[in-house]
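Trainee: According to Swiss-Prot, the protein carries these features:
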TOPO_DOM  1-33  topological domain 'Extracellular'
CARBOHYD  16  N-linked glycosylation site
TRANSMEM  34-54  transmembrane segment
TOPO_DOM  55-62  topological domain 'Cytoplasmic'
TRANSMEM  63-83  transmembrane segment
TOPO_DOM  84-101  topological domain 'Extracellular'
TRANSMEM  102-122  transmembrane segment
TOPO_DOM  123-146  topological domain 'Cytoplasmic'
TRANSMEM  147-167  transmembrane segment
TOPO_DOM  168-177  topological domain 'Extracellular'
TRANSMEM  178-198  transmembrane segment
TOPO_DOM  199-219  topological domain 'Cytoplasmic'
TRANSMEM  220-240  transmembrane segment
TOPO_DOM  241-260  topological domain 'Extracellular'
TRANSMEM  261-281  transmembrane segment
TOPO_DOM  282-330  topological domain 'Cytoplasmic'
REGION    302-330  region 'Disordered'
COMPBIAS  304-330  compositional bias 'Acidic residues'
């Protein structure tokens, strides 16, 4: 009897098990890619609604300017997120060369850096408003939010352009040290944002629950805290991935969970803010209450305590009535 026959059976069984595990992994990757696309579509819809309401139907304040820019950054990120999810979905079957990939990568970096910077700026500004309320409401420059948002967009754009010029336009191989150093600078900036965001939220929690002076819990505070929590959990994974990211030319995307998980978490991070605004704005006196999207968003970014809801609702209704009169006259 041939002694190699049992070895052949063992090898055949190991190959079947390996094929089954690889097939299951690819099926899971396929499901995660489809889920990422669905989440991105939901997030795009929510951010478009927020942009439309804050841009054309509501009076802006200091924090609504930040939220408007945050929604704009999330909208850009989700647009490219769908491109990468579709690319990852297709590459699980065969290689495809998407010429928009380089443009999508640059827009993704820009939108991601701007979005993380915006939520950090919102958290820090709210912390300053709680720490020094007199200075904030009396002596704070009127257009501070607009100036800060512009500077954050410009800084994010500069980092993105430097990444594109050094790592893509110039020869990637000969400028490896420069590209690596630039990636390190971006990661250090993300770590700074991570520390500032986490520490400012810890300071807010301490001020609210353990401070000597009673600080009221407003809906805006809840919105900021929940959004910051989602960013800390889901948002910084793609920054770590960027540090190790390397473009692989002419290769089929491997079936693994890491890349799909990063895509899924980044999509959740970018679509969370409209959902959080809808959730926070719908709660009134510990009960869910329906209303127009405009009223719900106004509640979610309300700086005053919950007892002053009636005044906010009256103002929103008056503004809505004025817009209706203008539309009828036109």
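Glycine too: its Cβ is placed from the backbone N, Cα and C atoms.
Describe each of these features in terms of where it is and what it packs against.
Mentor: Within the topological domain 'Cytoplasmic' (55-62), the DSSP-based counts of helix, strand and coil residues read 4 helix, 0 strand, 4 coil.
Packing against the topological domain 'Cytoplasmic' (123-146) from elsewhere in the chain are residues 62-63, 65-66, 196-197, 200-201, 203-204, 207, 215, 220-221, 224, 228, 303: each is 6 or more residues past its ends and has a CB under 8 Å from a CB in it.
Here the transmembrane segment (147-167) has long-range neighbours at 65-66, 69, 102, 106, 109-110, 113-114, 117-118, 121, 125, 141, 175, 178-179, 182-183, 185-186, 189, meaning same-chain residues at least 6 beyond its ends whose C-beta is under 8 angstroms from one of its own.
For the topological domain 'Cytoplasmic' (199-219), DSSP puts the residue distribution at 13 helix, 0 strand, 8 coil.
For the topological domain 'Extracellular' (241-260), the mean pLDDT of the prediction comes to 53.
Beyond its flanks by at least six residues, the transmembrane segment (261-281) meets 32-33, 35-36, 39-40, 42-44, 46-47, 49-50, 67, 70-71, 74, 77-78, 81, 84-85, 88, 112, 115, 219, 222-223, 226-227, 230-231, 233-235, 237-238, 241, 291, 295-301 of its own chain at Cβ-Cβ distances under 8 Å.
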